[in-house]
Structure formats: structure tokens, C-alpha cells
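For reference, the structure is listed below as C-alpha cells.
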Amino acid sequence: MVRPLNCIVAVSQNMGIGKNGDLPWPLLRNEFKYFQRMTTTSSVEGKQNLVIMGRKTWFSIPEKNRPLKDRINIVLSRELKEPPQGAHFLAKSLDDALKLIEQPELASKVDMVWVVGGSSVYQEAMNQPGHLRLFVTRIMQEFESDTFFPEIDLEKYKLLPEYPGVLSEIQEEKGIKYKFEVYEKKD
């Protein structure tokens, strides 16, 4: 069974997603809660969601928050020989991680699969065949960044007018406006 893949990301107007291993903007508490709710909430009793992230994204999470709780954490790295402390699994690539998820020990435990960064992992996910959703928080301001989100090809991805559990009106925190968007691609 090929399950849909979900990417979740917050991007500034200049498509920035990171700066010096952190977010380019101040912590937006409600945006962070949205990330937690979306990636944690499982629709299937007894199953957990799974998050996939690159090594740099893993180490950008404060140690006290690793692993992301109530979720199965897979870290991608071609260099590491074993999962970093706290991570549940290590895979060499997104393809390897997706194969791992379909192994019997995990297949029965996993509900939704979320890619949570960084750039190259998002790029790899967006190039996957099949059903893909992008949950994009548009931060409606430019922030200096050194890490960016790949271009969303609107020939392939459709912006959905609404999505269950996702607010459609513009949000504001700390003087920063943002909005939640959901894109979908079906091959």
C-alpha cells in the first residue's frame, strides 16, 4: 500500500525556512501548535503518525524536545551509522525510509507520514510519484534566511480551497501575519 505523503513547512515571502539552524522569525506559538497538532493527531485508534527529517533538522530541535513526542521519528543521513540519540530509526534516503515504513513491524503502527524538513528532504518528497499533500504556512513577510523551500510547481500542485482542521483566515502573532495553505498532487 502506498500511503499519501504529507510535507509540513512554514515559509517566509522569500521562501526562507531556516537561518543558522533555527527559524528565521521569532517563535509563533500558535503556528507551532498547528505543526504539533497536524503531525501528532492520528485518525486511527492505536496507530501513531511518523515524522521524517534530515539530520540537520533533527539537530536543530532543542534536545529536550527530541524525539518529537507521540510520533515515530526517522532521521535521514548518509553519514550516520546509527540513529542519533532519541531517534527511533535511521534511513539513508527518503526512499529507504518509505520502504522501512512498509515493513511489517512499522506498517501496522503508522498512520500518517509527515516530512518535516529540511530543503533537500522536501525536494525529494515533492519529486515522489503518487499522492502528496503540502501543508504550507505562508509567513507574510520577508526574513533573512540561509535555507529555502523548493518552488511549488502549480502545474502539479493544486491549492485546496479548504481542508478539515485548517483555519482559512489570516492569523497574526507578534505583529507577523501568516496563513495556512494546503496543496495536493495526485499522479
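The backbone N, Cα and C atoms fix where each Cβ goes, and this holds for glycine too.
Fair warning: this is a prediction, and the values are worked out from it, not measured in the lab.
Database features (Swiss-Prot):
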BINDING   Ala10, 16-22, 55-57, 77-79, 117-124  NADP(+) binding site
BINDING   Glu31, Phe32, Lys33, Tyr34, Phe35, Gln36, Arg71  substrate binding site
DOMAIN    4-185  domain 'DHFR'
MOD_RES   Lys33  N6-succinyllysine
MOD_RES   Lys33  N6-acetyllysine
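When Cα-Cα distances from Glu31 (substrate binding site) are compared across the binding-site residues Ala10, Gly21, Lys56, Arg78, Gly118, the shortest belongs to Ala10. Farthest C-alpha pair in the substrate-binding residues Glu31, Phe32, Lys33, Tyr34, Phe35, Gln36, Arg71: 18 Å apart. Taking every protein chain shown into account, Lys33, Lys56, Arg71, Arg78 are the binding-site residues, and of these the Cβ with the most other Cβ atoms within 10 Å belongs to Arg71. Around the Cβ of Gln36 (substrate binding site), 14 further Cβ atoms fall within 10 Å across all displayed protein chains. In the three-state DSSP classification, Ala10 (NADP(+) binding site) falls within a strand. Taking the C-alpha atom of Glu124 (NADP(+) binding site) as reference, the shortest distance to any of the binding-site residues Lys33, Tyr34, Phe35 belongs to Phe35. For the binding-site residues Gly18, Gly21, Lys56, Arg78, Gly118, Val121, a Cα-Cα cutoff of 10 angstroms around Phe35 (substrate binding site) retains nothing. Cα separation, Arg78 (NADP(+) binding site) to Arg71 (substrate binding site), rounded: 23 Å.
In the three-state DSSP scheme, Lys56 (NADP(+) binding site) is classed as helix. Averaged over the domain 'DHFR' (4-185), the predicted model has a pLDDT of 97. Reduced to three states, the DSSP call for Gln36 (substrate binding site) is helix.
A gap of 19 Å separates the Cα atoms of Arg71 (substrate binding site) and Ala10 (NADP(+) binding site). Nearest neighbour of Tyr34 (substrate binding site) by Cα distance, taken over the binding-site residues Ala10, Gly21, Gly118, Val121: Ala10. Checking each of the binding-site residues Phe32, Lys33, Gln36 against Gly21 (NADP(+) binding site) by C-alpha distance, the shortest gap belongs to Phe32.
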